[in-house]
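Asks: Below is one structure. I have some questions about it.
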Amino acid sequence: RYKEIETIIANWIHSAYIEMGWIHDFNITISRYIMVSKYLFKYMKYFKLLKVVQGHPNHVASIKFSTDGTKIVSTSADATLLKGHSSWVNDAKFSPDDNFIVSCSLDKTIRLWDIKSGIQIRKLEGHTDFIKNIQFSPNGRIIVSSSRDNTIRLWDLQSGQEIKRFEGIDAQFSPDGQKLVTSSKDNAIVTWNVKSGKRINTLKRDTYSVTKVQFSPDGHFIISCSSDKTIRIWDITSGMQVKKLYGHSNTILDVKYSRDSKTIISCSWDKTVRWWNVNFGMEIQKIEGYAGFVQTIDISPDGNTVVTASDDGTIRLWGSL
């Protein structure tokens, strides 16, 4: 495909060529575009629809691959997750060893489940409003929860006790489990030392709502998405923004790094899923056709499959070409 683009542009330039100073700069710009196109077509993965799953009658709130990539856990407004929560289940994650699932709900509880037996083995309470997100630490010993009560809490799984509390509405562990990144109601992105509970750095504070924050796989960067319709990449050491990606036409609800950190995937209220090349800061694929907004996304451990969950009640699997 890039050869066809190169031929068309080259013929166009030749037929329109005139002896003016600007044409040299124009040729350089076109040449750079062709070089980028060659790189993208040669090295980037493109995804096609593999399967549409319609197991939930209502809005699908979250979707997540297991660590080994063989299973998926989904949550929904129908309150079904091993039949325990009394209200909408907002989020669920596999433990690092894939033996357990942790979930959170509008019922203000966190629940730990044994996957093989389907039995609830622990119930954690303390939040005063519904719990939005939940995650295991990389070693599987701690759970971090974020709630509409504007607190982020760390829980010791063995004792079931709350061990630390931060201010914020969304959180994620760093790959080594030593740091936590949070976003808050005042739109700040903050990194914390998990052991000491002390603030490390504040990366952003502006007038737009930050919907999600996530570490890069190597732990050197953070990506955030926002109601300002942009994705931003931040350098953790300097605290500076290094890239800003435009393209979505409405609030971005979720964003994820690929395992090799070369690609970012996002979804939005605009009912699209988009793939971005990190090096060039360019959108490389857009998928449309959802009947509702796309709530969340996840990437398989091998990077070859993407799963999306939508307000239209569908879960869709996408495979790389």
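Just so it is clear, glycine is given a Cβ too, placed from its N, Cα and C backbone atoms.
Among the features that TrEMBL reports, repeat 'WD' is placed at 53-81, 82-123, 124-165, 173-202, 203-244, 245-286, 287-321.
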Asks: Assess whether the repeat 'WD' (173-202) lies in contact with the repeat 'WD' (124-165), where contact requires at least three Cβ pairs under 8 Å among residues 6 or more apart in sequence.
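Replies: Between the repeat 'WD' (124-165) and the repeat 'WD' (173-202), which are separate recorded stretches, there is contact, as judged by 3 or more close Cβ pairs.
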Asks: If we skip the immediate neighbours and take only residues 6+ beyond the ends of the repeat 'WD' (203-244), which ones have a Cβ under 8 Å from one of its Cβ atoms?
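Replies: Result: 170-176, 179, 181-184, 186-191, 250-257, 259-261, 264, 266, 268, 276, 278, 281.
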Asks: Check the repeat 'WD' (287-321) for me and report the mean pLDDT.
Replies: 92
Asks: As a quick check of your reading of DSSP, tell me how many residues in the repeat 'WD' (124-165) are helical, how many are strand and how many are coil.
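Replies: Residue counts for the repeat 'WD' (124-165) by secondary structure: 0 helix, 24 strand, 18 coil.
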